[in-house]
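The transmembrane segment annotation in TrEMBL covers 20-41, 53-70, 127-148, 154-170, 241-267. Look at TrEMBL and you will find 21-299 tagged as domain 'ABC transmembrane type-1'. For 331-565, the entry in TrEMBL reads domain 'ABC transporter'.
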Amino acid sequence: MLRDLAKILGPRHAGALRVYLAWLVAYAVLEGAAIALLVPVLKALLSSDPAGATPWLLTLAGAVAVYYLARHQQTMKGFALALVVLTTLHDRLGDHVATLPLGWFSSEKVGRLAQSATGGTMMVTNVFAHLMTPVASGVLTPATIALAMLLFDWRLGLATLACVPLIYLAHRWSSRWIGRTEEAVDAAGAEAGNRVVEFARHQQVLRAFGRTSDGYPPLDAAIAAQQAAGGSMLRNTIPRLLVGGLSVHLAFLALISVGLTLALTGAVDPVELVALLALAARFAGPLAEAAGRTGLLRMAANDLHRLAEIFDQPALPQPATPAAPTRPGTIAFERVTFAYRPDQPVLHDLSFQIPARTLTAIVGPSGSGKTTITRLLLRFFDVSSGRVLVGGTDVRAQDSETLMAQMAPVMQEVYLFDDTIEANIRIGRPDAGEDEVREAARLAGVEEIVARLPQGWNTPVGEAGSLLSGGERQRVALARAVLKDAPIVLLDEATAALDPENEHFVQATIQRLKQRATVVVIAHRLPTIAAADRILVLDGGRLVESGNHRDLLARNGRYAAFWRERRRAHGWRLVPEAGPAAQPKRHPGPGVPA
Ligand SMILES: Nc1ncnc2c1ncn2[C@@H]1O[C@H](COP(=O)(O)OP(=O)(O)OP(=O)(O)O)[C@@H](O)[C@H]1O
């Protein structure tokens with residue numbers, strides 16, 4: 001737990017943490033020492049010469065004074081650290097997350113991150129503000145008392161020490177179990193949370209398929225699992241906490257029995273016995289207090305551990321001396337093999353080159369690795385072997401800013417911010433002038449959309465762009481890419497059919513983009529594929545064919561089969577034109593021969 005705390009606070013606050021811990025230890029030990037001093041004080045006061053208690057009383061007064069100083073210091077420093085945690089943890093988390101590879105950000109990981117950044121932060125704050133003090137005094141104060149007991153009466157001292165492993169084992173047993181069930185409750189809570197978000201986010205689909213009136217089975221199951229985990233924790237935690245507390249009280253009873261036996265046999269003076277039993281009571285008190293917090297402590301330890309795990313995630317390695325691109329706009333995969341999970345490669349020994357200012361279409365069946373190629377280009381992940389070159393330089397040799405400056409990605413799931421159309425385009429290049437924004441919008445066909453909207457350029461697009469259609473959102477994203485004016489544009493075409501107007505604008509923009517940038521399209525639409533300078537045909541993570549549309553059709557291989565299949569499904573046919581490549585035309589209706 002202390003290791004996790006140090007990791008979370010970071011090297012900047014390591015000194016403050018050490019000072020706080022030193023005061024905490026001093027406080028707990030001094031508390032035990034002050035209590036132990038009561039024995040000689042009581043013995044002297046109840047003896048025939050009470051005046052002999054004076055030096056002990058003075059020592060006790062000194063110990064109490066230092067104890068209060070330590071208590072004050074550790075309380076103040078504990079709250080100061082709690083404040084540091086509150087103010088810096090989000091910053092540190094933000095800084096660290098910004099260094100992680102983009103491939104880390106799955107929805108599950110982001111959900112966990114959100115949970116840790118809210119509840120986890122509060123728990124860490126709580127550790128310093130409220131938990132460390134009772135826990136330290138629950139362990140170190142009794143330990144000091146047990147050692148003092150040995151000095152005063154070795155038999156009672158040994159009996160006290162004998163109780164320690166029993167109490168320790170009882171608490172370990174209960175706290176381990178509580179820790180495990182808390183993890184199960186936490187996992188069930190996270191799953192239920194994810195399902196609620198899924199349920200809310202996909203209401204349209206669920207309602208369309210009538211899945212809301214009878215409940216949504218995955219959500220119902222997640223809630224039932226959460227209730228079961230919570231119920232199980234409650235049923236099993238309370239008896240275990242009672243056993244933990246009971247072990248302390250049983251230890252105290254055992255010490256009374258040993259003390260009485262010693263007194264009855266005359267081995268201990270009755271006055272001394274009273275003093276020693278008072279000491280034994282103080283031995284048991286803090287232990288019982290700590291026992292009551294075992295569950296809370298374990299939960300805090302789990303939260304700390306989850307936060308520490310995030311800090312443990314290795315940052316994306318950055319080159320010591322970043323290299324600059326040497327051949328802007330070019331892309332090359334050199335014998336690239338890549339696996340998301342060890343020993344399960346999804347790309348195998350893949351090699352290809354893409355010259356600058358060309359249009360390349362990547363086609364292939366679902367799961368063949370098309371998206372993975374774009375992820376490697378954007379360095380979401382590093383390759384298992386081989387090299388990915390962007391701008392003629394290995395992506396691992398470039399710093400993230402240099403690499404990203406060369407790319408304008410337009411993915412299928414276009415995310416628009418709840419802002420105006422203009423602001424959403426301007427994200428492509430925040431310092432662009434108004435004319436440039438308008439020009440990018442014109443090239444991507446956004447002007448037509450703006451003309452229809454009530455507030456024109458200032459129309460808010462709604463949360464995640466919900467007030468625009470899918471095709472319109474993609475046009476806005478294309479305008480962003482045009483405005484960024486990056487040497488490479490990565491485009492994942494929408495799989496869903498676009499209406500003819502959106503289709504037309506997307507096609508036209510791709511053609512215009514090609515004049516100024518290298519365009520790589522994960523292509524689903526036949527006109528894009530047919531118009532590409534080069535088509536890469538993937539299957540099972542391997543490049544099975546490559547060439548232009550006409551050559552590949554003539555080869556009558558995988559691509560030709562793929563093309564025929566798609567043409568049948570879409571109702572497209574090829575009409576040879578005067579140009580170098582055949583141009584696809586919309587089939588007027590089913591049954592018309594190609
Ligand atoms: N984050 C991931 N973790 C593990 N495996 C993954 C991950 N993403 C993709 N895969 C697997 O890698 C393989 C290639 O996936 P990829 O998404 O690149 O295919 P694709 O050709 O783009 O498919 P689609 O056309 O359906 O989008 C698939 O088997 C997929 O299950």
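Quick reminder: no glycine exception, Cβ is built from N, Cα and C everywhere.
Looking only at the domain 'ABC transporter' (331-565), the predicted model's pLDDT averages out at 87. Residues of the same chain lying 6 or more positions beyond the ends of the transmembrane segment (20-41) and with a Cβ under 8 Å from any Cβ of it are 2, 53, 56-57, 59-60, 63-64, 66-67, 70-71, 73-74, 77-78, 80-81, 128, 132-133, 136-137, 139-145, 148-149, 152, 272, 275-276, 278-279, 282, 286.
Residues 142-143, 145-147, 243-244, 246-248, 251, 254-255, 258-259, 262, 267-268, 276, 280, 283, 287 of the same chain, all 6+ positions outside the transmembrane segment (154-170), place their C-beta atoms under 8 angstroms from a C-beta of that stretch.
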